[in-house]
Each structure stands twice: as C-alpha cells, then as structure tokens.
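Trainee: Input: one structure, supplied below.
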Amino acid sequence: MTVYETSIFAPMKRFPKHMIWVAMFLLLAAVGCQDNASSGDPAKSVAPVGAEVEYTLEAYMSGYRGVGGEIEGKINPALKANAGDTVTLKLINKENMAHDIALDGQDVRTETAMKIDEVVEVTFVAKESTDYFCSLPGHRQAGMQGKFIVEGVAPQVAQNAPAVAGGAGSQLFPKTGTPLKPILPVSTDEISLGADTVPAPIGKRAPETVEFVINTSEEIAELEDGTTYEMWTFDGKVPGPMLRVREGDNVVIHLDNAPSSKMVHSIDFHAVTGPGGGAAVLQAPPGERRSMSFKAMKAGLYVYHCATPHIATHLARGMYGMILVEPEEGLPEVDREYYVMQGEYYTTERLGTEGHQIEDANRMLEEMPTYIVFNGRVGALTESRAMKAKVGETVRMYFGVGGPNKVSSMHVIGEIFDRVYKEADLISPPARNIQTTLVPAGGAVMVEFEVDYPGTYILVDHSLSRADKGAVAILEVEGEADDTIFKSLDGIKPVH
Ligand SMILES: [Cu+2]
C-alpha cells in the first residue's frame, strides 16, 4: 500500500511568485499562532486528521463501476470524503487490459493493474476536489472518469488556502504544455518501414490458404531527429507490414502481443467481411496470441488497424497498415512498387522540440495533429530512404491513410498520375491524368505513373501546411533529360 502525503509547499509550485509570497505569509502567520513549535516545521507533511474512507471500483474501459455501499452498481460514481480523511481507492480490473486510478492535478495514482481480476490500491489524505480518472492513454476519453468531492476544510488545507484557491481544479483532460523530458533511449533504431517493402506480386495461381504472424509491440522511437515518442506498432514498424494475397484466398492471421506491452492490441482488417473486421476475435492481451481466418472475398487495397479502445489513440501511436487483395487475374506489371501510409501524431509540444514527446489527448480530440508524416516519422522517405526510379519506368504507389483523423490530398509535385484507382477500386477502369487524389482516413488509393524526366519529385498531402508538420516524401528519378519535355529558357539547371 502506498501512502502519499503531499508536502504543503507542493501546490505552490504552480503559482506566480507573488502568490507564493502571499501563501508564505499566511503560512508563517498560522505557524506563529501555534503553541507546538515542532508542528511549525514547513518541510514536514502534516499528519492526517479525520476518518478512514475506502472506495472500491471495478475498472472497465467504458467507465468505473462502484462496488458496495452507496456507490454499488453506479458508473463513475461521485466519491466523497471530508478534507483530512485518509482515503483508500481500491481498483479491481475487470478486463484484460491495463487500468489504474489517478487524481487529476494531485500526486496520487495506483499502480497499473495489468490483467483481469488484478487488484491495486492507493491511500492518501483528502485535500481538495478533483476528478479521478484512468491515466492510461485514451482511457479517460473512453469514459474512465468521475468526480472526487472533498467537503470541508482541514487545518492543513486552510494553511494552503491561497494556493489551493487558484490550484488545479477539475479539468476534462490532463494539462498540456508539460516540459519535455530528455530524449529517451530508443528501443528500435528506426521506426519507419521502408517504402520498398512491398511483397512480390502473387502472379497466376488458384486460391489457397496463406498464413501471417503479426506481432504488436510498444516502442520508444525517434519521431524526428532528437525527439522520441512512444509508438505502438505492428511488427515494430510504422506502418505495419504490407500483406499481399489473392482474391478467394483463405487468410490465417495470428496476432502476438508482446509480453512487454502495457496495452491490449487487435486488428480490424477492412478486407474482412465479419464482426469488427476481425477485431471482435483478435483482442490480444500482453503476452498472448489471438488467431482468426477469413476469406479474402473482394479484390482491393485495404487498410488494417488496431481496434482496441480508445481506438483513435492506438492509431495515433502508429497502429495501421494495408493488405492488398489482388484480383483473380493479378495486377498489371510495373517497374517499381512503393508502400506509403500517412498518419498523425498528437503531442504536447510542437514539431522540432527536442526531447521526449508526450501525447496530447486534447489535441487529438480537437483533431489538431502536431505531426503529419509518411511511414511513421519525419523524413522517413527522404535522403537514403527516398523512393527511386529511372526515366521511362512505371511507378505504382500503394498509398493509404492511417489517420486517425485527416484525409489526404495526395499529390506528387511535378508529376501527373497516369492512372488512379480511386479509393483503391481495382476492378473499375482507372481515372486518367489526375493531379491530386483524395484519400479518406481509413482508406487507400493505387496510383501509377511513368516518370519521364529526371529530378527530385516530392510526394505531399496538398493541404500544404502539413508539409511543415512532416508530410514530405521524395522520389528520386535518374536518367537522360529530354528537353522537349522540360527545360529552362534562362539556362537554369533544375535542382535535383
Ligand atoms: Cu493497439
């Protein structure tokens, strides 16, 4: 059992200097009135007064459920105590995913209960009203939040009155703007999956059974140079691996969630016809495997993603990929195939801030990403990892949007898409000569174009402020320049 006794000076850290002096003055005045000199030592915590109060809550993603007494059966019940009471909050985890209880703005939190029926608790002295909530990413938004109501004023609280009056009150979501911790050691050298990791074409064959093992893990990785973030991944990369099957195949999926994971993970395949796209049977707790099979009934290029609540949070950590279901006759042969996915990160600090970034749940709910990137990080598909082609070759891009929230106006600067298989419809004739194609969140497109002139071509989301948030990828084209196609009339050489 952990007992937290907050130093009476701690709340003052949040206040302007003049407020601290006001608080100091009142505190010293109060101390001066007391007979017992030892209680005037401001470095020591004040002993609790009042009753002992205990609440038991069951933890579900949809909300806490009260156990016993007045709170029995109530969802996210208001928990009451008098100032100075010694309060114990006991949590019984009722799901195979991690949960806890924390008090907003106060240094009170249980350990994390990792599995079903695990019990954790925390004991502390009631100080001021606030919200209790689950501090695991996304759980508060999913509904794990209630009121902790403190009535009356205990002596030690009275001493802190000026500080408490302006203190952290009840907030819908945690504060933002937390100073960055130093960059953390990375658990993976490179989070980005290369654009050239496209499986070989299926070719002509009859439908068969194909089997995939996909691992989920939680990694600390570089989001950009000098900035780390906790990514949640399929096979340790963002995006997850591209899977390639044939229409009519029986697809067997084994999802292995790493023992080191804190979260349950799962997959919803947009290629699946069935409950949750598979997510209804693929919720894998840490250290466990879930398996399923499905028939790839419809040809197309489909997004898959984690579908464990809070789902947007799992996507905003990088949990998406694509599966290509080739039509019976296969796809036309091309010279180059690339796999690119657009996704968002929501962090407390702006792009370019060095250190370890923390998720900003408010920004996610407001759909204001800090980063919008291709293949998992800023600069993933640039320099040595740029896509490549030679003049005269045909390039095909499998492009999808993991989101979770933003659609993409996919565009390659200086190119025209010869064929656009809109919304990844691989059956209908493609649209021709398209400059920019719209790709929905949780959707995809297949584009093909011949490269006719050498140079550096930039893949962007033509909502171009997003280039400043990281959405830039490079296609380097080598070969002979044909000046009937393109030339400067001032003798300027194009920047390659
Ligand atoms: Cu997940």
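Cβ atoms here come from the backbone N, Cα and C positions, even for glycine.
Straight out of TrEMBL:
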BINDING   His265, His270, His305, Cys306, His314, Met319, His462  Cu cation binding site
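I'm curious about the neighbourhood of these features; can you describe it?
Mentor: The Cβ of Cys306 (Cu cation binding site) has 29 neighbouring Cβ atoms from other residues within 10 Å, across all protein chains displayed. DSSP assigns Cys306 (Cu cation binding site) to coil, not to a helix or a strand.
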Trainee: Which binding-site residues among His270, His305, His462 have CB under 6 Å of ligand 1?
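Mentor: Within range of ligand 1: none.
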Trainee: Using all protein chains in view, find how many other C-beta atoms are within 10 Å of the C-beta of His270 (Cu cation binding site).
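Mentor: Around His270 (Cu cation binding site), other Cβ atoms within 10 Å: 19.
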